Every structure is written in C-alpha cells, then in structure tokens.
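Per TrEMBL, the features are:
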- 1-10: compositional bias 'Basic and acidic residues' (COMPBIAS)
- 43-435: domain 'Amino acid transporter transmembrane' (DOMAIN)
- 1-21: region 'Disordered' (REGION)
- 46-67: transmembrane segment (TRANSMEM)
- 73-92: transmembrane segment (TRANSMEM)
- 163-182: transmembrane segment (TRANSMEM)
- 188-211: transmembrane segment (TRANSMEM)
- 269-292: transmembrane segment (TRANSMEM)
- 312-337: transmembrane segment (TRANSMEM)
- 357-377: transmembrane segment (TRANSMEM)
- 383-404: transmembrane segment (TRANSMEM)
- 416-439: transmembrane segment (TRANSMEM)
Amino acid sequence: MGKNEQREEMSIVSSPSNPQKMDDHHVVALEVEVPETLHQVGTDSWFQVGVVLSTGINSAYALGYAGTIMVPLGWTGGVIGLVLSTLISLYASTLMAKIHEYGGKRHIRYRDLAGFMYGRTAYVIVWASQYANLFLINIGFIILGGQALKAFYVLFKDDHRMKLAYFIAIAGLACVLFAIAVPTLSSLRVWLAISSVFSLIYLTIVFVLALRDGINSPPRDYSIPGSKINRVFTTAGAAANLIFVFNTGMIPEIQATVRAPVVDNMLKALYFQFSLGSVPVHVVTYVGYWAYGSSSTSYLLNNVSGPVWAKALANITAFLQAIIALHIFASPTYEYLDTKYAIKGSAVAIRNLAFRALVRGGYLALTTFLSALLPFLGDFMSLSGAISSIPLTFILPNHMYIIAMKNNLSSLQKSWHLLNVIFFSVVAAAALVAAFRLIAVDSKTYHTFADL
C-alpha cells in the first residue's frame, strides 16, 4: 500500500492552515489528517499517557527480571544492561514520537506509518509483527495473573488440588470481564490510579521482604549458572528480555491518545516514564537479585519469606494489576475490531456490550488457552523481545527517522542510525535463536498444562 494507496478513511482535523514544517527535533504539522477510528484520539494529558507507559513497565513482569535478566547476566552485565536499555529505549521511543505527524498525517497506528513510508508489504509485516508481539505479551500477563492467584491460594491451602491451569483460567475470565467493562484505552482513567496503587503495594512489599531476607541470609551465590554454551544462549535471551522491560511496540497507538501538541506532550510522557516511572523496576530487580542471587526466580514472590498477610496482599494486587496492564496491550487489537465493525454509540448499549463480550471474549479465551497450555513465562518474554520488540522498538524507528528527516540529517547522523539498524538486527537474530532453544528445552522439561 503506497503513499497514495495507504489512506485508511482519513478525515481532516480542523487546525490553522499553515504548511508543514520539519526540523531536527520533530515534525510540526499544523494541518494533519487523522485516520478514522472509533476510539478516542487526542483527549488525554501527557501525565495520563506517562502513567499508562509507567504502568506497563511496573507491571507484575517487574517481579521477574531478577531471575530472567540478572541471573543469566550477573551483577556487571545485568546492571549495565538495564541502565543501557533504559537510555537506548528512551532514545528510540523519542525517535518514534517525533515522526508521529510525518507527511501531514497523524499516524495513530504503527502499521499506518510503516505503510505510508514503505508500502503495502511493510504495512502487513508490521501489522503481523506488532499484533504477534502484543499477543505474546498478553499471554505473559495471563500467566502472571495465574501465578499470582495460585501463590495467593497456596498461602492458605497447599493441597495440590488446584493446578496452575485453573488459576490461569480464572485470570483469563477476569480479563474478559474487564475488557467488557472498559471500552477504550482512554477510558482507563481512574483505573490507572488504581493500577498505580496496586503496583506500589506489591513492589513495596517485595522490596521490604527481599531486603530483610538479604540482611538475614548467609552469603549468596551470584555465579552465572550453566555451561559455556548454555550461557551464550541465556545471554542472548536475557538481551531480548532487556528490550522487553521498557518497550511496548505500540508508541504510535499510545501517542494517538495524547492532546496537542502531540509531539511535545508525548516527549514529556516518555521523560516521565524513563525517569520516575522506571525507578521501581530498577530497585526491585537489584534488591531481589542481591537477596537471592542465582536462585532468584521469574516471580520474586516465590522467593520472599515473611508474614502471610503481606505475601497474600502482594500476590492479590499483582493479580489485579496484571488485568489492568493486559488491557493496555490489548487495546490496539480492540481498536481494530471496534473500528472494523463500526461499534459506535454508548459503551453500555446492548449491541456494544454483546460485541465486546463475544469478540474480546473470544480473543482472550484463545490467549488464556495458550497461556495454560505452555505456561513458560520467561520463554515468552524472550520470544516476544526477539520477534517484535527489537524490530519495532529499535530497528524500524531508526530507519524511519532517516526517511522522515533525510533532508535535515548529516552524513554522520545517517550513518549512526544505520549502524543502529544493523546492530539491533544482529541482536534480534541471536535472541530469536536463543528463545526458540529455550522453548525447546522447557518443552522437554515440562509437559503441556504444566503445574509450575
């Protein structure tokens, strides 16, 4: 779909009539076209968008990075890797934010921007890649929700009668109910505040209990486990996890909700995400690894010891926050379906409620089934990072920026962006091989519907 073909039912947004301007920092489009969508565009403050972004990185996934990043990389590699990932992710995200209005159009979907720049083939590839990425992330959230609910249950009744698959099914049902009740990403509003409270609760409890365990425990083993060949694959997998920590692969979709000026406000949201918003995930990851060393698991609440009430509260808030966070990453899928089938009018209209129950329920039912079938959380983090997060977050933004700013970049700047494209392409290929190997190994170790 070329530049003239890729026009998904555009409508003109009324604004002062001035020609488009472009500089080294961002595109200023004073008159832009916005694709038709039945979800809200340009309604949210930069702070709300910043909270949305921070909700993603401080989800219950944050309880696993001590095990999935620090253990395979050790202190030096893990700390340097997380810090570099923070800085590089901020840089790449700002590149995407600056070209949101490229060509006089507001690109509210990643695939629209790819199609406008490269044509129909890129449109289809990016669409498939992004939705595969979000699907894998959502599988991870349902696994997390199931793990948290199971951990809550066994605190009171460890009878081995309730398997992980049952708790994953309950988590999936909760996600369906939430998807029916909350029609759009912008509709989250108060739920974002609730999600932030949930995150603060479980992250604080994990931090305090892990700190206490670390102080009272004998010296830990921080050596990187595995043979030399295994370390090569686990290091590549950890690299994909590093990318996964801070990136959504849906910057255009999130930026679509922010008020004008869309570039400046999105940059504010990103600065919030990568400053204050990233502190909790760093702190919990380092303290968790310090306390438990190479025995850190992909869910730190399985490591900590302490009062039952505290662990129960942390697990139940992690479960509830996973439901809200999943809705963020499922929103591009919901927007596509709602727009395709023209779901208009009141969110509580019977037709609209029935549509969300049937269509979103079907999507989440499939997600839940696959989550229960192969509940290997770390594997999905690595696979998602390799297949989609790295290309969508680092490779494409650098190349797109070259195209959008080609007349304003020096030869040195162009070379820098091309070097990024090449480097992260190699990283993605290595991470993909490592992820498939990890899944193959775990598939031999664990059976389907494993009770992990």
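Heads up, the Cβ atoms here are built off N, Cα and C, so glycines get one too.
Among 73-92, 163-182, 188-211, 269-292, 188-211 has the largest number of CB pairs under 8 A with the transmembrane segment (312-337). Long-range Cβ contacts of the transmembrane segment (269-292) within its own chain (Cβ-Cβ under 8 Å, at least 6 residues beyond either end) map to 46-47, 49-54, 57-58, 62-63, 65-67, 69-71, 75, 78-79, 82, 86, 89-90, 93-94, 97, 199-200, 203, 206-207, 210-211, 213-214, 217, 220, 222, 245-246, 258, 300, 303. With respect to Cβ pairs under 8 Å, the transmembrane segment (73-92) is most closely packed against 383-404, considering the stretches 46-67, 163-182, 188-211, 357-377, 383-404. Contact count against the transmembrane segment (46-67) (Cβ pairs under 8 Å) is highest for 188-211, out of 163-182, 188-211, 357-377.
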